[in-house]
Amino acid sequence: MKLIVGLGNPGTEYEKTRHNIGFMAVDKICEKLNISLNEKKFNGIFYRNKDFILAKPLTYMNKSGDFVQALMQYYDISVEDLIVVYDDMDLLIGKAVIRQKGSSGGHNGIKDIIEKLKTENIKRLKVGIGRGDNAINFVLGKFSIADYQIIDKILDGVADALVSCIYNDVRFVMNKFNGSF
């Protein structure tokens, strides 16, 4: 069973902010597959079937690892079957990349997951949000209309790539999607 986790912050004040791109990706998958996150456990919400779990932590970003670790332990999911989607300030807006492993790159959500799981060997799909002058204000800020239109388009491909990860090896998905975002 695969586990896809979109990172973000809970609450309406954070909806459609740059830091919630992971939540937006999960929402896009739900829309494409006509499913909803109807289960609640371990301070998060998720959809589950025999092939995959699609999830959002309801903790704040820097506590995402607690939810991910609890879900993985409860459903006996190995780290090899986890993929995390989140924002990346080092990528230009409208760009995305799939990686098999890596450091946190300063992102507190993936940093907490790496610490809780005690490994950097976590598959991830990073979505570019660009960089602003003040990092905290920038990531917690909402997209401009022009940037939102770019993000809305890329989320389609991001959702397709994540769904492809459920049924295909990550190297196949990387070859197919990296460079096409």
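Quick reminder: no glycine exception, Cβ is built from N, Cα and C everywhere.
Asn108 is the only one of Asn34, Asn38, Asn43, Asn108 that Swiss-Prot places in the tRNA site (with Tyr14, Tyr60, Asn62).
Apart from Tyr14, Tyr60, Asn62, Asn108, the tRNA site neighbourhood in this chain, defined by C-beta within 8 angstroms of the site C-beta centre, holds Asn9, His19, Thr59, Met61, Lys63, Ser64, Gly109.
Rounded to a whole number, the C-alpha distance linking Tyr14 (tRNA binding site) with Asp87 (site 'Stabilizes the basic form of H active site to accept a proton') is 14 angstrom. Considering only the recorded positions Asn9, His19, Asp87, the residues lying within 10 A of Asn62 (tRNA binding site) on a C-alpha to C-alpha basis are Asn9. Proximity to Tyr60 (tRNA binding site), defined by a C-alpha to C-alpha distance within 10 angstroms, is shown by the following recorded positions from Asn9, His19, Asp87: Asn9. Under DSSP, Asp87 (site 'Stabilizes the basic form of H active site to accept a proton') is assigned to a strand (E or B) in the three-state scheme.
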